[in-house]
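Enquirer: Please read through the structure below; I'll follow up with questions.
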Amino acid sequence: MHCALYDAGRCRSCQWLETPYTQQLSQKQAHLQQLMASLPVANWLEPVISPPEKFRNKAKMVVSGSVERPLLGMLHRDGTPVDLCDCPLYPDSFTDVFAALRPFIARAGLTPYNVARRRGELKFILLTESRYSGELMLRFVLRSTTKLAQLKAALPELQRTLPQLAAISANIQPVPMAILEGDEEIPLTDNQALAEQLNDVPLWIRPQSFFQTNPEVAASLYATARRWVAELGVNSMWDLFCGVGGFGLHCATPDMQLTGIEISKEAIACAKRSAELMGLTRVNFAALDSTAFATGEGSVPELVLVNPPRRGIGAELCDYLTRMAPLWILYSSCNAVTMATDLARLSDYRIVQVQLFDMFPHTAHYEVLTLLQRKA
Ligand SMILES: C[S@@+](CC[C@H](N)C(=O)[O-])C[C@H]1O[C@@H](n2cnc3c(N)ncnc32)[C@H](O)[C@@H]1O
Ligand code: SF4
């Protein structure tokens, strides 16, 4: 993939851009195999590849510059702003939105936040696309509610120009640090959710709930989990760290008892809505801490699926799983280092198969799906 911003030394976020894609894949696979060197794997499957560009469904743009000439992109460590509107990782649909947002910011008087001076109001623009419907979700991250009335007054014209903006909100983030989002979300449209569909499963994208950023590879990951689980013929499973329910909803059959646990109540609301649309009745989604939920249960299902944040599932949940000994564990991870540590703790399990999913091309990051079976 060619990136003019990279060539000009303006953005180096894709550290592996100069490495040919096939070599990127073999380096990732080698990294994974090295991490798992002391853990015997019965079957290594071929890595799943990503489109090389336009694969992201989400842009997180730092707003800088002046109110008359705002800049959307990022800040170098030295504070120099870089315009990232032409980043080739974004889909074509973002171009018109970025172009319309610059004059909109000026018209609405949303002064970009200046980190050094701690002044200004608009910190970030978050834009997400549903590949299924083509609709977009736009979020303004503001320092305070001071400019909210101005933002609301200017919005109708932006909505007329960009009817694809199906959900708009303001997020209030008063902390003077590089934290992306605050707790308070103010809806600016009645609708706050984008309908997405991966494979044949309806999913929802909404503020304050995680959604995979590479929908094509995510669809392949969920379809693979569904296939592996179907082959095991299990009738009960937990989906821990379930987000909006992508894994569980793919794996569930009408007869299966599915429990999905996730800390974000917004994500759980999405998962429940999807389950209802799919007509699944034997499901239970709840907004809880995964470890607290699991350790509070006196029994386990046949299969426990985990898809934790980068920190992994940790010793407490591993100890609990060892004690309760479900037949199968399916571990999906975006950080193979913490996954390998967790798998070493799960020594009562044998590793049946492992597959790498290249969710984050041109970087060292990747997703990995591992199936574990309780030793006899
Ligand atoms: C890597 S994401 C996976 C989400 C989902 N499985 C998917 O495929 O989109 C990890 C999820 O864990 C959630 N999470 C973080 N800490 C948690 C906790 N202590 N208990 C439950 N969920 C948590 C996050 O909100 C996030 O949705
Ligand atoms: S993040 Fe975008 S702009 Fe930056 S190097 Fe990667 S492709 Fe280029």
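Backbone N, Cα and C atoms are what each Cβ position is placed from, and that goes for glycine too.
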Enquirer: The [4Fe-4S] cluster site in TrEMBL includes C11, C14, C87. Which of C3, C242 is also listed there?
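Expert: TrEMBL lists C11, C14, C87 binding [4Fe-4S] cluster, and from C3, C242 it also lists C3.
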Enquirer: According to TrEMBL, Q212, F241, N307 bind S-adenosyl-L-methionine; which of E185, E196, E262, E266 is also listed for that site?
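Expert: Only hit among E185, E196, E262, E266 in TrEMBL's S-adenosyl-L-methionine site, alongside Q212, F241, N307: E262.
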Enquirer: Using DSSP and three states only, what is E262 (S-adenosyl-L-methionine binding site)?
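Expert: DSSP call for E262 (S-adenosyl-L-methionine binding site): strand.
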Enquirer: For ligand 2, list the recorded positions among C11, F241, C334 whose CB atom is within a distance below 6 Å of it, in sequence order.
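Expert: If the test is a Cβ under 6 Å from any atom of ligand 2, the answer is C11.
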Enquirer: Using the Cβ centroid of C3, C11, C14, C87 as the reference point for the [4Fe-4S] cluster site, which residues of the same chain not in that list have Cβ within 8 Å?
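Expert: Here the nearby residues are L5, Y6, R12, S13, L17, L84, P88, L89, H362.
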Enquirer: Which binding-site residues from the list C3, C11, C14, C87 come close to ligand 1, meaning a Cβ under 6 Å from one of its atoms?
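Expert: Correct list: empty, so none.
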Enquirer: Excluding Q212, F241, E262, N307, which residues of the same chain place their Cβ within 8 Å of the centroid of the Cβ atoms of the recorded S-adenosyl-L-methionine site?
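Expert: Along the chain, the qualifying residues are F210, D239, C242, G243, G246, F247, P308, S332.
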Enquirer: Within 10 angstroms of the C-beta of E262 (S-adenosyl-L-methionine binding site), what count of other C-beta atoms is obtained when all protein chains are considered?
Expert: 28
Enquirer: Taking 10 A as the limit, how many CB atoms besides its own sit near the CB of F241 (S-adenosyl-L-methionine binding site)?
Expert: 21
